[in-house]
């Protein structure tokens, strides 16, 4: 199956992507991982992307799209793929559709994991990280034995700058502004599968399976 995975920060996309990867035996293609691999291998597009990333600039669509195409022709994508982090805009979605069509292919579905904003805020702002060993906790869902202290090494736990309420709200605003047109684009094409991501993790993957016509009991 050829799939796209959408969802805001904190929606649990990584967890669900691993489940989908295992159940459908298709590669999980994260844009971030794809950039890092292309840069590491020193491909022409990877070198172009590196210039923009090192300069703190957005990688242009033509470079990103080229990298995606480069990745999707690899042998492990013969039976499908799960794209995560691409497309981000309608222009990218149109480019992907056009390229797939030129190969006689099309997307099978777009999975949109939806979680209420207050739940996302709780998930993200509650994260704590050990400044010494990097172990991660959550004040509600995975608290340390001693509040504020790492179970592994006893050092202080801190909240990352990315996880403050102001920063999380900004990230969610940017995501919603950027993704709303994309969601509408795929809804109009009958590809969108909206999934309640506020359920327990096992329930979410079962819901994804049902949306794809699979019985993953």
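Glycine is no exception: its Cβ is also placed from the backbone N, Cα and C atoms.
Of the residues 69, 199, Swiss-Prot puts just one in the ATP site with 10, 11, 12, 13, 14, 15, 127, 136, 137: 199. Remark: of the binding-site residues 57, 88, 127, 160, the most isolated position is 57 (fewest other Cβ atoms within 10 Å of its Cβ). Checking Cα-Cα distances from residue 130 (Zn(2+) binding site) against the binding-site residues (10, 14, 57, 59, 86, 137) with a 10 Å cut-off leaves 137, in sequence order. Sequence-distant contacts (6 or more apart, same chain, Cβ under 8 Å) of residue 133 (Zn(2+) binding site) comprise 150, 152, 153, 155.
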